[in-house]
Amino acid sequence: MTRKRKSRLNFMMFLIWTMRTDQKIHPTLIDRKDNVFIISNFKSKYPVLQLDLRLISDLVVVIVSATCGGIAFACAGQPVITGYLLAGSIIGPGGFNFVSEMVQVETVAQFGVIFLLFALGLEFSTAKLRVVRAVAVVGGLLEIVLFMFLCGITAMLCGGKSSEGVFVGAFLSMSSTAVVLKFLMEKNSINALHGQVTIGTLILQDCAVGLLFALLPVLCGTSGALQGLMSMTKVLVSLIAFLAVLSILSRTWVPWFLKLMMSLSSQTNELYQLASVAFCLLVAWSSDKLGLSLELGSFAAGVMISTTDLAQHTLEQIEPIRNFFAAFFLASIGMLIHVHFLWSHVDILLASVILVIIIKTAIITTVVKGFGYNNKTALLVGMSLAQIGEFAFVLLSRASNLHLVEGKLYLLLLGTTALSLVTTTLLFKLIPAVMHLGVLLRWFPPDSAVEVGSKGDGFRSDSDEVDCVPLGLARSFAFDLDRKFSLP
């Protein structure tokens with residue numbers, strides 16, 4: 001083959017026959033500069049087990065670093081969630097860059113959110129959901145609309161684009177399902193009234209993600225208002241049909257299936273555990289294929305099993321898996337944090353985070369209060385949802401691809417979200433002092449009962465549980481100030 005022939009081809013494949021005893025074929029790749037690349041793992045006509053050693057190495061780094069971060073913060077008397085987040089920031093691209101396959105690692109980490117919401121569904125009571133459905137559904141939607149409206153008006157008054165303002169409002173309205181659930185579960189606050197309202201609002205936000213995705217092309221002008229309305233209607237129809245089918249299956253097929261798995265797992269729980277995981281992933285996958293979300297599907301799978309007699313047994317089988325992947329997910333969120341960027345713009349970002357916390361707490365507290373809940377419950381819900389959630393990263397990425405937000409605004413939103421997740425643990429630590437301050441200022445009585453009538457049925461009173469939020473509700477202000485940084 002002549003040099004001229006090589007110059008016309010970018011790459012050519014040659015089979016080089018060697019005189020080795022095994023007489024194997026070694027394919028090589030030769031470029032136009034005569035660089036020879038030997039393909040050591042080429043396709044064979046026989047199935048061969050292949051390993052991605054770089055991915056294995058990355059997983060080991062994430063797991064070990066998350067473990068070390070959790071141990072360090074547990075020994076210091078701090079929430080382990082912060083340890084997971086900071087460990088991820090150290091090993092991620094913004095730190096020492098120990099992880100080479102970020103996409104694969106973040107994909108695996110999504111199992112953390114799936115199993116967190118699956119376990120939540122197993123513990124969740126549909127009867128209690130009905131109690132808070134008004135504030136969760138109507139109030140949750142009202143919060144999103146208020147954020148979009150206020151940010152849109154603010155952008156117009158400041159000379160910016162109203163479309164960017166509306167997106168920022170939708171972006172800020174999202175709260176962190178995984179982080180908040182982790183805190184509520186650690187402190188056994190799932191059944192507290194403020195915990196149920198918080199969870200209901202988080203579920204509504206997860207459901208609204210699909211609608212917000214359909215809204216983004218309209219905001220950036222790539223599709224008309226009619227097309228956007230049709231997309232949102234399609235998502236709503238899919239959601240209603242999906243929930244209707246699951247409701248029927250939960251009354252007919254699911255109890256039979258679980259009893260069958262129990263009978264087949266008489267000697268060991270391995271098959272039952274595997275079947276539970278497969279059921280969760282199947283429902284989550286179906287939800288995603290319908291244009292909804294994996295998170296909504298995994299939560300719905302848990303709720304389906306929660307209506308049976310085997311809900312507690314299923315939860316016991318899932319908890320170890322949930323805890324492992326939840327730590328992995330939080331570490332992967334930490335990898336999105338660029339320490340150098342945060343440090344270089346710490347003043348602007350801190351001011352942004354403080355502003356976001358104050359505004360979100362005020363709006364959410366006002367909305368919850370408007371539904372007849374007392375001041376204490378409304379404030380607890382407002383402070384619990386005051387951070388920006390992990391879904392905001394997904395919305396921000398999509399908006400960036402559509403050129404809806406670019407440049408400095410993109411970096412500001414990214415940094416604010418990352419910093420708000422890191423400071424969430426500190427915000428939860430301040431809740432006891434804020435609660436006691438509210439008592440001193442007579443915003444609410446020290447032993448206020450749960451609100452009117454049926455709202456209190458089946459719930460623990462927020463005022464009766466000392467440990468309803470991280471660190472618990474302190475019995476005295478002096479006790480809080482002395483110990484709030486020493487207790488987990």
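Note: Cβ is positioned from N, Cα and C throughout, glycine not excepted.
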Which range of 107-124, 431-448 is transmembrane segment, per TrEMBL: 107-124
Range from 59-87, 236-258, 349-371, 378-397 with most C-beta pairs under 8 A to the transmembrane segment (131-155): 349-371
Top Cβ-contact partner of the transmembrane segment (378-397) among 59-87, 107-124, 167-185, 323-343, 409-428 (pairs under 8 Å): 167-185
Contact call for the transmembrane segment (323-343) and the transmembrane segment (236-258): at least 3 Cβ pairs under 8 Å, seq gap 6+: no
